[in-house]
Amino acid sequence: MVLKVDPLKPEQSLIRKACQVLLDGFVVAFPTETVYGLGAIATNEEAVRKIFHLKGRPTDNPLIVHVSDLSQVYDLVTEVPEKARKVMEVFWPGPLSVILQAKESVPLVTRGGLESVAIRMPAHPVALSLIRCAGPIAAPSANKSGRPSPTTAEHVYQDFGDDVLILDAGPTLVGLESTVVDVREEPWKIYRPGAVTREMLEAHGHVSVEYVGKIEENGAVPSPGMKYRHYAPNVPVFLFRDVDELPPNQDITVIALDGLASILSGKPNIIFISLGSDQHSAAARIYMALRQAEQFGRTAYVQLMDEEGIGIAYNERVRKAAGASRKLAN
């Protein structure tokens, strides 16, 4: 079932309906500013297991717990370092997840078997209203595991149909999942890049921050988005920076910024999907573009961005989407 809800002033009758579904031990798909999430009450072990079952998600892949105010954080973790608290106050609500030491009240299934838990406060009126009603909600992206993340309710419905209640508040704004950073000790470690960059964290946290892009093959998964294939459409994906890297005579789909549209226009072998004019629009549109590329059934060539700002997170996502068939520009 899909319930259309006002993204700015969500109807409380609809929020209460979705809240009751959560309190009854079921899952609900809901919008955030990043992507749509598939949520269950974070402390209800049986309900959280339904998320893993519906998504086909490996149980060692931890979930992010979404809160609506700082007081809820202290119910979930043993300690919040002072520098971390200051950064949370700056970037919350917003696309930042912080990894902290979990209390025993947070089920192991929610934590992916870890001693830690990732927590964030989403910047979306619908999500915040739902959390205020139901309490902390554990939620990964609302898609089948391995698929492109959903930025509209339609994407959620494509993957789950009527198996879950979906709150439809229109398209998300950021379009990429939150930054995930471990703040338990210094230097802080970014396990998944997002809209909140290393430079932003260093400036406001007055702490050194480093990227950790890989884990050992059989090591624990400290954060969502690290170990398994993610974001992949059902067509091959290759990456490029310059148009001369595109195959000249092959029927392909090109996903790129508008600046390439005029260069590629008139080429009958190319279907062009626009990512807009800059890195921010590319981040917001990339998952929709990957799902759109599936409809054409052609190999997709996706433009890489400059390695700066949100372009770092964008590139990380499309590299994972490309998977084993990726073609990285030198």
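Placement of Cβ uses the backbone N, Cα and C atoms for every residue, glycine included.
As annotated by TrEMBL, domain 'YrdC-like' applies to 12-196.
Look at TrEMBL and you will find T34, H66, R120, A139, S178 tagged as L-threonine binding site. Secondary structure at T34 (L-threonine binding site), taken from DSSP and collapsed to helix, strand or coil, is coil. Note: T34 (L-threonine binding site) has non-local neighbours P95, P122, T172, V174, G175, L176, E177, S178, G194, A195, i.e. same-chain residues 6+ apart with C-beta under 8 A of its own C-beta.
The ATP binding site feature in TrEMBL is assigned to R57, N61, S141, S149, R192, Y231. A C-beta separation below 8 Å, combined with a sequence spacing of at least six in one chain, links S149 (ATP binding site) to V35, Y36, S141, N143, H155, L176, E177, Y231, Y287.
Least crowded of the binding-site residues (R57, H66, R120, R192), judged by neighbouring Cβ atoms within 10 Å of its own Cβ: R57. Each of the binding-site residues N61, S141, S178 was scored by how many other Cβ atoms lie within 10 Å of its Cβ, and the smallest score goes to N61. Secondary structure at H66 (L-threonine binding site), as computed by DSSP, is strand.
The Cβ of Y231 (ATP binding site) has 25 neighbouring Cβ atoms from other residues within 10 Å, across all protein chains displayed.
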